[in-house]
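Undergrad: Pulled the feature table from TrEMBL, pasting it below:
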type	residues	note
ACT_SITE	GLU303	active site, proton donor
ACT_SITE	ASP377	active site, proton acceptor
ACT_SITE	GLU405	active site, proton acceptor
DOMAIN	25-142	domain 'Alpha glucuronidase N-terminal'
DOMAIN	146-465	domain 'Glycosyl hydrolase family 67 catalytic'
DOMAIN	466-690	domain 'Glycosyl hydrolase family 67 C-terminal'
Amino acid sequence: MKKSFLTFTLLLASYLLMANDGYKLWLQYYPLENPKSEYREILGNARVPGESPTLSIIKTELEIARSGFFGPATLQKDSNSPKLIIALKDTDPAINKNTTPEEMAVLGEEGYLIKKFSEAGQNKILITANSEIGLLYGTFKLLQTIQTGEQIPNTGLSNSPKIKHRVLNHWDNLDRSVERGYSGSSIWNWHRLPRHIDQQYLDYARANASLGINGVSVTNVNANALVLTPEYLAKAKALADAFRPYGIKLYLTARFSSPMEIGGLPTADPINAEVQAWWKEKTKEIYQYIPDFGGFLVKADSEGQPGPHNYGRTQAEGANVLADAVRPYGGIVMWRAFVYNEKTPDDRHKQGYNEFKKIDGEFRENVIVQVKNGAIDFQPREPFHPLFGAMPKTPLMMEFQITQEYLGHDTHLAFLAPMFEETLKSDTYANGKGSLVSKVIDGSLHKYPLTAMAGVANIGTDRNWTGHHFHQANWFAFGKLAWDPETRSADIAEEWLKLTFTTDKKFTEPIQKMMLASHEMVVNYMTPLGLHHIMARGHHYGPGPWVTGGGRDDWTATYYHKATEKGVGFDRTASGSDALGQYAPEIQKEWGNLKTAPEKFLLWFHHLPWDHRLANGNTLWDGIALHYQKGVEEAKANVAIWESMEAHVDAERFKHVLSFMKIQAEEAVWWRDACLLYFQQFSKMPLPDGVDKPEHDLDYYLNFNPKFVPGNG
Ligand code: BDP
């Protein structure tokens, strides 16, 4: 007992002292607290019958975990009496003996079952599934359960994904720049592909598999047709081959004008027979390279991208051409609903809905419309997109942005699971009360046969993948919610902290609290009370409520906040743009009435005088100022909380996080002062008690111009 305790203490001490650059993400496999754990023998004495790339990944994973948990010494294996059996049904008698057909039936294609059983007086564990990928998912689940110190229930642990396609969207360009990427360059080195497969591709695939992510779109939605040429298809094939054993399918973004750009046709009109034939031929070629190619992701008629509008066609006519091409091979088309145009005189909020609602039911069966969580653009907070619930005849998928384009980029800690959860839990009232967005997405509300969720990746070549160590948690959260959109953000935070740092409650409890409050904190110091899109022009880093003019009104801040001496906010009720009219009557009633409208969306839907009274009796102006102040205070308090955690974290990650938190606290002040000085010109009211006086005048902020902000093309 004493000796093993000593071993554990030494292991743990050396783990804490070791430089940890975060590369291992949530797969740390650090020493277990209970050194006598029965898992030592279980992991050291596994039987995984059969040979295949996926099975060999499973074996390696068990070995990495075992030596991380218990130290490198190997165990004497007793192959006659394995303690852990990982196998498909009918490939191992222990599986057939200890499972029922009913248990197997609910697992579907990718689910798994972990069960304890006893044999000849020994405690054993089995993991089974209907596919090798299910076995891999089950293996990761067992290892996560061991690391976090949870128990496997006596009834077993059975789980299967609620969403079919769980896809990361990389906005990565072929030159390795990343649109809205803040953590280095693209991890795809197209120049070296296909001859060199970097270890990072495999580590990336492994990390995704550990979360159940099963699809990757590797290229920017602002697409380059070059990726569909043979030279690049050979490179894409090499990536697809690397991902396959991890259960990950490759998708490509398709530029709508490709038939002209690389096909030499005079048009890309979707009803033109030659265009249709071109897509069919091209798709056949892609499947020759990548037999399990997932399909296309398309951004059309948006922000300068070509699309069916160029030929007077609908989005369905555009999508269907590609859908017909991939259908014989089982592929899908993810067609984005992010369609808007500065020449359309209507509120930008309304354009996606207006474009798609009327063509509900006109898409082929293998098209899924990919809808951003909100109707504008990944703001720190948006009400759910009114298309959710409005297209019963067309499968809709969720697009979340994991990369923090509008949330302070890589240095601002914002745990996004609560934001994702807020959207998923919103009630669309499509089929009456309880018609949650999550039920639209998992297909249960409208019986969609095709279901999917996409997350715009925050991954780059930084050693820790995501810039801020805590932004690994956003990648993690996306994976968990894509698997089950009803997962609670509190559970996600806790699990991530335990896997990534320690199970010590002295650390996990305060830091989980900090994470869960961090999104609201960012909303407070950036865009409280429903303000939105008041970031700096182009790169969206830092405040820019003064951004105006420049040719595209819908890319300015003044378009969205409409501040004058009379008031502030975008009137989207019936007296204004009536975007609210796109939601269910129940929502119109609640959000349209100032007595019941949620304050978090107040200025999103209403234009109000500065002296409008909030629920707590404060004027709107005071309320805005106090929210900004609160955000600043929280960001400063977080620095102190993190400083008090030094004993629990390795020095390298501790320092890294600390310096980012200091940046965040400083920049929260920047946001508060710049926005309040700007809006004060109109409100002409003093700052309320408790709000710090700005250090500089408005001119200072207007002239502050950070250079070379990354991610802006
Ligand atoms: C906006 C980004 C832009 C993207 C666009 C999109 O500013 O870089 O290309 O969304 O989603 O958020 O297509």
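Residue numbers in this text run from 1 along the chain shown.
Cβ from N, Cα, C; glycine included.
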Undergrad: Relative to the Cβ of GLU405 (active site, proton acceptor), which residues of the same chain, six or more apart in sequence, are found under 8 Å away?
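TA: Residues satisfying the criterion: ARG180, PHE378, HIS540, GLY711.
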Undergrad: Return the single residue from the active-site residues list (GLU303, ASP377) that has the minimum number of other CB atoms within 10 Å.
TA: GLU303
Undergrad: Measuring Cα to Cα, how many Å separate GLU303 (active site, proton donor) from ASP377 (active site, proton acceptor)?
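TA: Answer for this pair: 12 Å between alpha carbons.
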Undergrad: How many of the residues that make up the domain 'Alpha glucuronidase N-terminal' (25-142) does DSSP mark as helix, as strand and as coil?
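TA: Breakdown, helix to coil: 46 helix, 21 strand, 51 coil.
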Undergrad: Return the average pLDDT for the domain 'Glycosyl hydrolase family 67 C-terminal' (466-690) as a whole number.
TA: 98
